[in-house]
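*Asks:* Feature table excerpt (TrEMBL):
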DOMAIN    194-348  domain 'Fido'
ACT_SITE  His290  active site
BINDING   Asp294, Gly295, Asn296, Gly297, Arg298, Val299, Gly300, Arg301  ATP binding site
Amino acid sequence: MSRRALVSILRRPVFNNFRYLSCFSEAERKERNDFLKEIYTPYFSKFEKGSKEYLDLGRSGEVWENYFRPFELRANDYDYYKKHHAFLEEISIIKDTTEIPKEDLLKRMIVSFSHQSCAIEGNSLGSAESQSIWEKINQDYNIDDLLEPEETQFPAPESLSDKSENEIEVIEIRNHLLATYYLYNTLFKSKQEINLDDIKKIHRILLRDTPEEKFNVWGRIQKAGKYRTVSMQARGYHLTVYPYGEEIPALMEKFIQFYNKKDSCDTFDEHHIHPLMRSCRILSAFLQIHPFYDGNGRVGRSLMALYLSHAGYPPPVFQELDRKVYADALFIAQKNKDPIPLYDLVIGTIYDILASQSWLPL
């Protein structure tokens, strides 16, 4: 990677969005510390620091999970389902009567979905450039051979685009296109439940050849496809609390169970929810755990897209999205346990896509 490309990404506004306390004011840091004590102190104060009980509690992830309850279906979920049941049913009818097979939904939207997912993270390449990159990959390479074995080199950015000043952005688009291809051509076709290794592979594809593929943080090497071992914060949201690294493995085991639950459009109980609603909760829960040092947003949206494809829905491709609206909806779902703004944003977008099939390229 050129020095110019590295400097470019380091200067990007969204880079470092999820890392350091230095982005908070003194008052915000105090409020955050008080919040952390509220979450953890009542439980960990019962044990001597470093004792087996103390360490086991930390590794269980139970303290963080019991406070935020990211996998729990709540009264506001039921209220939303009851209030909007007719609208959800209308979307299901449109979905069931579409002439496009569900196995083709994500395939047909690979460019628009990948482009918009990268754009949310600050990638400035246009949709036409993303389309051109995808066409060159298809024309010049066997994509299956690129993805297996994993050591195979991906196409160099200069072979896909003449925008040398945007090398890292070309790489990001290239990676997301290949990751989305992996979603529909391998994971979807297998018709099996996904597992944690699948998620880690998606992450490795998305971060290939980027500065974050292997990154030194305070002397700890963070690698693509490996859970983070450092603490993280969200810039602009000082009360967003991601779990500590020790908690992540146990929480991801719970996440994969939540992801793989089978739902129907007509059932709502303490374990089941409308697929469109679960897709939002999947995205929210994954981003709240924030298992990787970087790339969580792209992985989370990819998992959401895969889940929706299995249920017969297209992924949400937001048009002219204000990133703050998206981030605020996630924060409210996570901190306030209120997914309604996220439901409205995602489900409304999917309705628009299904109702106007001109969004789905041939």
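Yeah, the Cβs are placed from backbone N, Cα and C, and that goes for glycine too.
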*Asks:* Along the domain 'Fido' (194-348), what average pLDDT does this model show?
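*Replies:* In the predicted model, the domain 'Fido' (194-348) has a mean pLDDT of 94.
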*Asks:* Which of the binding-site residues listed here (Asn296, Arg298, Gly300, Arg301) have a Cα atom within 10 Å of the Cα of the residue listed as 'active site'?
*Replies:* Asn296, Gly300
*Asks:* When you average the Cβ positions of Asp294, Gly295, Asn296, Gly297, Arg298, Val299, Gly300, Arg301 for the ATP site, which other residues in that chain have a Cβ within 8 Å of that mean position?
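*Replies:* My list of surrounding residues reads Glu121, His203, Leu206, Leu287, Phe292, Ser302.
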*Asks:* Based on DSSP, name the secondary structure state of Arg301 (ATP binding site): helix, strand or coil.
*Replies:* helix
*Asks:* If you draw a 10 Å sphere on the Cβ of Asn296 (ATP binding site), how many other Cβ atoms land inside?
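*Replies:* A 10 Å sphere around the Cβ of Asn296 (ATP binding site) contains 22 other Cβ atoms.
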